[in-house]
């Protein structure tokens with residue numbers, strides 16, 4: 001119990017307290033609190049500390065035989081006692097993060113309606129489009145500072161999950177709190193239910209969402225606009241994170257709102273920021289600079305192109321021209337290398353397409369220029385996979401890359417693990433342990449020739465909690481590109497491999513609080529420099545970060561009335 005903070009004054013008592021997850025303490029209510037709040041007999045006699053509760057909960061957690069059951073168990077604790085939930089996760093962050101988020105959350109999304117137990121967050125359905133403000137008013141959280149919102153159309157690599165996508169905002173906000181210290185009282189997960197095009201869901205009698213094909217076009221755009229306006233009117237200072245929107249909507253929504261409201265898209269910008277931060281760390285470990293790299297991408301969707309644009313921006317900041325930087329980045333998708341004469345390039349792909357004149361001197365390539373063709377002709381030093389298709393980083397491709405690059409940087413980032421382009425074990429064996437590897441999903445350490453290699457997880461959780469904390473602490477009105485670039489550089493500064501020459505490429509999850517605070521300071525400092533918030537000194541910003549950092553400790557309660 002944190003006795004250094006002032007007590008909270010509660011206007012209600014009895015069973016209602018035990019049903020409020022933000023204030024419930026369960027068996028940790030003191031004798032005085034049990035008397036004053038009419039709780040005697042409603043909980044067992046013994047008065048326990050939060051650590052004793054967490055120990056019991058951990059034993060129960062370990063008793064489950066599969067990850068989905070563990071996920072459901074943790075969600076049940078979260079829905080009954082949030083402070084205990086976050087203490088449990090904090091104590092076991094490396095073990096539990098894959099359970100509360102990727103990869104287990106994907107299965108939880110697929111089975112959302114079948115496993116539904118208790119409400120959390122808000123479902124805003126298209127038939128209720130004229131009552132959005134009323135729905136926002138129904139939220140159990142009224143001091144909302146961070147919203148994660150999805151429409152469920154592109155959940156991880158699993159496609160359209162309808163309202164089952166709610167598992168993603170819930171899981172993401174759990175990481176905002178457990179990694180970034182954002183009080184759960186300030187977070188709100190939202191799912192925009194605009195129908196589903198998943199026939200299995202439409203035919204499933206247990207599906208709980210709006211049984212209707214997805215809306216699109218002007219109807220969809222007007223619904224998103226109504227939602228954004230309603231949120232801004234009710235909570236004008238709230239940070240909105242867009243999550244798992246389909247490629248056709250993700251970039252247009254971001255472009256439409258990023259300069260109007262405080263918002264960002266984690267799939268595009270967060271993924272890009274953590275990838276660039278990891279690349280900066282890998283380059284430092286390899287004794288080189290990012291602007292010297294030749295980079296090949298497999299996957300040219302919004303996430304891949306977002307990473308590529310962030311890399312180009314960082315290269316330019318290191319002293320080369322935008323035009324030169326773009327010649328060093330090759331994007332390969334299902335149709336082969338993106339070229340400027342292709343007729344069906346998406347708007348966000350056009351600036352990343354290679355000029356046909358740049359490949360005139362290439363040799364031995366097919367009509368649709370493959371990744372292997374790119375590797376053989378450009379001799380890349382960096383290979384990034386965001387294709388969502390397993391096994392595409394073949395032994396031939398990796399060995400060809402290693403033949404011209406002593407320490408290749410290889411990031412198979414697709415989620416979940418079943419969709420990774422190549423496993424770290426294969427990559428390290430094919431390169432005799434010389435590759436610098438980071439993945440999008442968690443992998444066990446790999447042993448090559450008696451040496452153990454820890455696999456860095458290029459996980460957005462290293463970035464977005466720090467961005468959120470920095471925005472809240474600084475009061476930034478927008479999330480600028482410069483703030484995102486600052487988050488990448490701050491992450492690279494925390495790399496054990498870059499700092500000491502040994503250890504993993506990215507910090508351990510056990511150090512995530514320090515990493516998030518470091519990123520928050522970098523993000524907040526840029527917000528101040530860009531005039532996106534009120535002027536403040538570095539000292540005041542640091543104090544604000546510490547003051548906004550919530551810890552899972554019980555507070556003392558006092559009763560306001562009888």
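Cβ coordinates are placed from backbone N, Cα and C, and glycine is handled just like the others.
Owing to the predicted nature of the structure, the values given are computational and were not obtained by experimental measurement.
There are 25 other Cβ atoms within 10 Å of the Cβ belonging to residue 101 (active site, proton donor). As annotated by Swiss-Prot, active site, proton donor applies to 101.
The Cβ of residue 172 (active site, proton acceptor) lies under 8 Å from the Cβ of 101, 148, 189, 241, 243, 266, 464, each of these being in the same chain and 6 or more residues away along the sequence. The active site, proton acceptor feature in Swiss-Prot is assigned to 172.
Feature annotation from Swiss-Prot assigns NAD(+) binding site to 154, 267, 415. Listed in sequence order, 242, 243, 244, 245, 250, 302, 303, 306 are the same-chain residues six or more apart from residue 267 (NAD(+) binding site) with CB atoms under 8 A from its CB.
Taken from Swiss-Prot, the feature divalent metal cation binding site applies to 243, 244, 267. In the three-state DSSP scheme, residue 243 (divalent metal cation binding site) is classed as coil.
Look at residue 267 (NAD(+) binding site): DSSP puts it in a helix. The site 'Important for activity' annotation in Swiss-Prot covers 267.
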Count the other Cβ atoms sitting within 10 Å of the Cβ of residue 415 (NAD(+) binding site), across every protein chain shown.
20
Site diameter for NAD(+), Å, by largest Cα distance between 154, 267, 415:
12
Show which residues of the chain containing residue 154 (NAD(+) binding site), separated from it by at least 6 in sequence, have their CB under 8 Å from its CB.
160, 244, 245, 246, 247, 250
Candidates 243, 244: member of the binding-site residues with the richest Cβ shell (10 Å):
243
List, in sequence order, the residues of the same chain other than 243, 244, 267 whose Cβ lies within 8 Å of the centroid of the Cβ atoms of the recorded divalent metal cation site.
150, 154, 155, 168, 242, 245, 250, 265, 266
Applying the rule Cβ within 8 Å of the centroid of the Cβ atoms of 154, 267, 415, what extra residues of the same chain belong around the NAD(+) site?
155, 156, 157, 244, 303
